[in-house]
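In what follows, a single structure is set out as structure tokens and then discussed.
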Amino acid sequence: MNIHEYQAKEIFREYGVPVPRGEVAFTGPEAREVAQRLGGDLWVVKAQIHAGGRGKAGGVKLARSLDEVEKIAEEMLGMTLVTHQTGPEGKKVEKVYVEEGADIQKEYYLGMVLDRSSEMPVMMASTEGGMEIEEVAAKTPEKIIKVAIDPTIGFQGFHGRKLAFGLGLAKEEIRPFIQFAEALYKVYMDKDANLIEINPLIKTGDGRFLALDAKMGFDDNALYKHPDIHEMRDLSEEDPVEVEAAKYGLSYVNLDGNVGCMVNGAGLAMATMDIIKHEGGEPANFLDVGGGANPDTVAKGFELILSDENVKSIFVNIFGGIVRCDRIANGILQATQQVEVNVPVVVRLDGTNAEEAAQILKNANIKNIIPATDLADGARKAVAAAKGEL
């Protein structure tokens, strides 16, 4: 689960991570009132969406008067912001964050992620603040300093010193930087985050470090421990189909292809997408019906897949272990009664009650259901059907 910048900064403040003063606003007049409360003669108005690259897309602007704050906010609110992370459809701006201006002397990058290879949280820093960190990693990976932090000992001074020396900080800057990094580590661990990014982390004219931007993502499986974080969830920023799928215990991720996929098990689902691409097709989604699949969830899965107008065929690939194939077959029949299944459906069922399932589908005599003998055969047929060649 992701949250907005203003929400991440609220959490930072709780833990003593320095951030500029600011407040969220939902209208132009509200933005003006926020700027008036903050005082000063320079403010930043930031569109609040769950995506990076806002500055380049016109979602971050400076204002030098209260009138300008209100005008910029009114222009941003309601606009659709398209960045490299939103996709071509973009995201609608429903709130803005008004923040006091800062005296920026130097920009850095500071972040934390879970590194699966070392099986530890890793803190990363770079002198290339303000740039896309993925671009830095691809072109100049030597400019990213990393420290793996063993949770059994936590963040130590030597972790901070390695990062500080790598950034080339002056002697008097090292201690405040280490204090900043230590507070950030505590946020990450206490809140069960799986991502924190501060880009940029700035050094001000008076030598302070401030989180000028803030991005946080959380482990969904740990949200039950953090009702305060769960309340920050903004469903309007999430794919509505994915939200609907989660209500039924389905793991769904929308993709750009035209071959719909319904599979049990994440590993088999990824293998299915791989072989579809190998056969010259493009998967339209990732859909794992899980081990508790029943006719109702299968029917719902079809409804979700068919809500994508790009889908030209569906590949149902089930290996029955915990999931019984006859339940999947009955779910397919139920789906044809509840939803207009107007595309070819290639079905490969193997494992528990597979023969019974095959008989159920055969007796139903539904013309657009195409049986497949194995994974490769199913992928070939699904790709061919999507191309209108079957």
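Placement of Cβ uses the backbone N, Cα and C atoms for every residue, glycine included.
When the candidates Asn254, Asn258, Asn264 are compared with the substrate site entry in Swiss-Prot, which names Gly321, Ile322, Val323, the shared residue is Asn264. Ranked by how many other Cβ atoms sit within 10 Å of their Cβ, the binding-site residues Ala102, Ile322 place Ile322 at the bottom. Look at the binding-site residues Gly53, Gly55, Gly321 and count other Cβ atoms within 10 Å of each Cβ; Gly321 has the fewest.
Recorded residues Asn264 (substrate binding site) and Gly55 (ATP binding site) have their alpha carbons 41 Å apart, per Cα-Cα distance. Lys46 (ATP binding site): 25 other CB atoms within 10 A of its CB, across all protein chains. Long-range Cβ proximity for Glu107 (ATP binding site), meaning a same-chain Cβ under 8 A and a gap of 6 or more residues, is found for Gly129, Gly130, Pro200, Leu201, Ile202, Leu212.
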